[in-house]
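K.L.:
Got a structure for you, written out below as structure tokens; questions coming shortly.
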Amino acid sequence: MEIGVFIPIGNNGWLISEAAPQYMPSFALNKEIVQKAEKYGFDFALSMIKLRGFGGKTQFWEHNLESFTLMAGLAAVTDRIKIFATAATLTLPPAIVARMASTIDSIAPGRFGINLVTGWQKAEYDQMGLWPGEQHYTDRYNYLAEYATVLRELLETGVSDFKGKYFQMTDCRVSPHPKDTKLICAGSSNEGLAFTAQYADYSFALGKGTNTPTAFGGVNDRLKAAADKTGRDVASYILFMIIADETDEAAMAKWQAYRAGADQEALAWLTNQAAPNAAAGATTNTAQLAAPESAVNLNMGTLVGSYENVARMLDEVAAVEGTAGVLLVFDDFVAGVENFGTKIQPLMTSRAGV
């Protein structure tokens with residue numbers, strides 16, 4: 001099973017809590033994390049893009065770096081690990097993304113990939129006059145399909161003459177063009193999975209629950225059903241937060257403290273911003289992110305326990321049919337990656353030989 005790290009491009013990582021570690025994003029921090037991940041055999045690093053945060057006492061995600069420029073820097077200071085940036089497709093034309101991908105591929109040949117996101121938080125785009133209107137919630141995958149088509153043509157052939165509703169290319173050219181840039185999509189709704197099966201190479205989905213490592217299995221089944229219709233092979237990667245310590249009790253005490261210290265003002269903002277998109281269906285990523293059960297960490301699957309038990313649960317994840325890998329976040333990234341590499345990974349049968 002492959003292992004990736006979802007690096008903290010925004011302040012405080014993925015814990016919306018006054019009790020969690022409070023820190024600002026920086027190139028130095030992410031360089032330390034990714035170089036450490038490479039040292040311990042991680043397969044890839046991914047950064048998100050966030051253009052407006054949730055506020056609150058912790059100013060959650062009000063401070064963010066930009067994904068492509070950050071990953072270009074990290075590409076230059078690593079040797080093996082794959083590097084994935086996220087394109088906010090409402091802000092970056094596909095031809096510009098293709099040219100940036102060509103540049104980063106020159107820095108790190110064969111190691112770069114692109115995560116495509118449609119955008120769900122209106123405030124991110126409205127602030128700069130780029131929000132297309134409420135119809136975006138229903139039209140977004142039509143838009144993204146055209147975007148991905150243009151991007152694929154430019155990445156694979158260096159030229160596009162695509163003519164569609166949203167994009168019109170006229171002998172648009174990108175050279176040099178990389179030969180094998182992977183595309184990623186994180187949609188988990190039926191519509192999102194259908195898009196992924198048609199246009200992407202990798203699917204990212206949220207794990208579910210606390211210490212329920214196999215609860216996500218249904219999304220793999222739905223992805224396979226969608227991919228069977230397109231005849232394409234799409235790999236499934238699942239997102240989990242790791243909160244580990246020497247004992248189950250110590251790890252659970254941290255998790256309970258994070259939950260007790262939840263930044264309620266920031267969570268209220270998340271709920272408000274997510275509501276229009278969540279209304280599109282219970283299986284959307286946004287509906288899960290904002291669900292009240294564990295919004296403190298955006299409701300991603302959470303594995304809490306001793307190093308031994310976290311290793312065991314990750315092996316259970318690996319055993320779910322269709323799982324190619326996991327994407328990990330940590331409550332404390334520097335210590336978390338170190339402890340994963342030295343205390344968790346050596347106990348995992350699914351990482352034997354790494």
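Heads up, the Cβ atoms here are built off N, Cα and C, so glycines get one too.
Pasting the feature list from Swiss-Prot:
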BINDING   Ile49, Lys50, Asn115, Glu124, Arg140, Tyr141, Ser189  FMN binding site
K.L.:
Sort out the sequence-distant neighbours of Glu124 (FMN binding site) for me: same chain, 6+ apart, CB within less than 8 Å of its CB, listed by position.
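P.N.:
Looking at Cβ-Cβ distances below 8 Å from Glu124 (FMN binding site), excluding near sequence neighbours, one finds Lys50, Leu51, Arg52, Ala88.
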K.L.:
Provide the number of Cβ atoms within 10 Å of the Cβ of Tyr141 (FMN binding site), excluding the reference atom itself.
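P.N.:
So the number of other Cβ atoms within 10 Å of Tyr141 (FMN binding site) is 21.
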K.L.:
Pick out which of the binding-site residues Asn115, Ser189 has the most other Cβ atoms within 10 Å of its own Cβ.
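P.N.:
Going through Asn115, Ser189 one by one, the largest Cβ count within 10 Å is at Asn115.
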K.L.:
Does DSSP give Ser189 (FMN binding site) helix, strand or coil?
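P.N.:
In three-state terms, Ser189 (FMN binding site) counts as coil.
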K.L.:
Based on the record's binding annotation for FMN (Ile49, Lys50, Asn115, Glu124, Arg140, Tyr141, Ser189), what whole-number value in Å is the widest Cα to Cα distance?
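P.N.:
Max Cα-Cα spread across the FMN binders: 22 Å.
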K.L.:
Counting only residues 6+ away in sequence within the same chain, which have a CB under 8 Å from the CB of Arg140 (FMN binding site)?
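P.N.:
In sequence order, Thr118, Gly119 meet the Cβ cut-off.
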K.L.:
Around Ile49 (FMN binding site), how many other CB atoms lie within 10 A of its CB?
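P.N.:
By my count, 23.
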